[in-house]
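Undergrad: Sending over a structure as structure tokens; questions will come in a sec.
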Amino acid sequence: TDLPRSPPAAAEPRHASPAAPRRLREKLRTAARMAGPPARTAPGARQQGQGGEGRPEPATGATPARETRAPFRFDYERFRRSLRHPVRGGRAGEDPETRARRMKIKEMMKFAWDNYKQYALGKNELRPLTKNGHIGNMFGGLRGATVIDALDTLYIMELEEEFQEAKKWVEKSFDLNVNGEASLFEVNIRYIGGLLATYYLTGEEVFKSKALELGEKLLPAFNTPTGIPRGVINLGRQDTRSFFSPCSGMSWSWGWASAGSSILAEFGTLHLEFLHLSELSGNPVFAEKASASHLVLNRVEKPQGLYPNFLSPVTGNWVQHHVSIGGLGDSFYEYLIKSWLMSDKKDLEAKKMYDDALEAIEKHLVKKSAGGLTYIAEWRGGILDHKMGHLACFSGGMIALGAEGAGEERRQRHMDLAAEITSTCHESYARSDTKLGPEAFRFDAGSEAMATRLSERYYILRPEVVESYMYLWRLTHDPKYRQWGWEVVKALEKHCRVEAGFSGIRDVYTTIPTHDNMQQSFFLAETLKYLYLLFCEDDVLSLDDWVFNTEAHPLPVNHTNFKAAVQQ
């Protein structure tokens, strides 16, 4: 299934994949013994993984970046001079109401952070009802997901004291010497994305060094016959593999993924971060690994021009024909258009892949309900499922962003489509009793933009709707987007704010909601950041200078080449 059957009690993946099943330790020891001793290879040599579908693979090809690193330095000062706008903007000419609303969102961020710091600092998320921390099993033993996710938001909001608290934790307590099963996707978008963004915003070396060290730990996931990474990686170093941790540096596919496949939204959501890892390290291996998927995807035949969600990392073929712009597919499309934007519009391959994909989506998946609401259906082997997930509501903002690079007729069509989808997602909020949207909503059996299944009625502080409000505001300045965003602020305050933080709710259709006792890290990274930016001037994290990764961490547009040679 592509969505959990009940509200999750832990950190939630962007695409809502279930947690990977725990492997029996004895099975892993057996796999490690079969793998034999770690092989040593020449720096930069390309590797292919061993083994069949779904089986853990030894990390024989992850050459540490330090072995291949060319002597160079990243010229941070030159990078900062290349920015066209001050990072925090100029604050000129705003009206008092807009400022007051922005200050309210800043207060919400401080409240969320202060309670996390008091009750859960160093854990991955805060449980605000029980006033304790939650670790979960998604990050392979890494801690402090909320710290890393919150850093750039604290900085942009000028919460200076709180930012220094978070920075101190990274310096003193953020341990990368861990050994456990991690989601490649989640570690990349939250940890690497957050560290990279904070380095670019501040120039503090600790964030860069942690990002590069963690990036090296992800490389073994790419050791497959196709170069398409597997979804789960053990973060332990291969050369420290022991009887008690036999799977260090090994990767495998999610147990629930069909026939050992990799997930489109996972292997397709690495490009932005990995290009910046290469930019900062001087090591091309990161960019090469992340770019391999485009080669495979351009070669494989697409049904009706669509990209199914499951691909074999062994054969490079589709495993089943389920297409979704929401869970399991979403950020693949997002990273295509953002790769083009981040390259200063030079990555024409990514732009063509995006244009072709959107054309197929328009032709086969975009529908209009009897009540006039535009939505993007899911596709299962040619049969449409007339629903949208909350996750798919990011697409309004994405389509608006992508319209900039189109001809006049197509640009207007895409801007109209973006506005219509965003309006439909707003309706999913407006038609609930809490004015917050459900996890998924349907267009069948006479119901429109409402959840019709009990398992889809929850809201876990997700950001995708306000993300689209922010982009549509920036690109149109239609005041309704700010008004809709303020409605969300009021609903969060009324229904999700509790004594010690913010909590998701289990049913958006009752005004006496049951809380799920989880303050997701992405609430601080995304939801509050996008709401804050909605009430900022356009020069705060200007879209001229920055591209947001799928966890809302800002990465710079490559206006120029910032690498400078250093004499040996």
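Along the chain as shown, residues are numbered 1 onward.
Including glycine, each Cβ sits where the backbone N, Cα and C put it.
No curator has checked TrEMBL annotations; they are predicted automatically.
According to TrEMBL, the protein carries these features:
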| type | residues | note |
| --- | --- | --- |
| COMPBIAS | 1-21 | compositional bias 'Low complexity' |
| COMPBIAS | 31-48 | compositional bias 'Low complexity' |
| ACT_SITE | Glu186 | active site, proton donor |
| ACT_SITE | Asp330 | active site, proton donor |
| DISULFID | Cys393-Cys425 | disulfide bond |
| ACT_SITE | Glu439 | active site, proton donor |
| ACT_SITE | Glu464 | active site |
Undergrad: Give the distance between the Cα atoms of Glu439 (active site, proton donor) and Asp330 (active site, proton donor), rounded to the nearest whole Å.
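TA: Spelling it out, the Cα of Glu439 (active site, proton donor) and the Cα of Asp330 (active site, proton donor) are 14 Å apart.
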Undergrad: To the nearest Å, how far is the Cα of Cys393 (disulfide bond) from the Cα of Asp330 (active site, proton donor)?
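TA: So the Cα of Asp330 (active site, proton donor) lies 9 Å away from that of Cys393 (disulfide bond).
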Undergrad: Do you know offhand how many angstrom separate Glu464 (active site) and Cys425 (disulfide bond) by C-alpha?
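TA: Computed Cα spacing between Glu464 (active site) and Cys425 (disulfide bond) is 9 Å.
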Undergrad: How long is the line from the C-alpha of Glu186 (active site, proton donor) to the C-alpha of Asp330 (active site, proton donor), rounded to the nearest angstrom?
TA: 14
Undergrad: Can you give me the Cα-Cα distance between Asp330 (active site, proton donor) and Cys425 (disulfide bond) in Å, rounded to a whole number?
TA: 15
Undergrad: Any same-chain residues 6+ apart from Cys425 (disulfide bond) with CB under 8 Å of its CB? Would you list them in sequence order, or say none?
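TA: In sequence order, the residues whose Cβ lies under 8 Å from that of Cys425 (disulfide bond) (at least 6 apart) are Met388, His390, Cys393, Gly396, Gly437, Glu464, Val465, Ser468.
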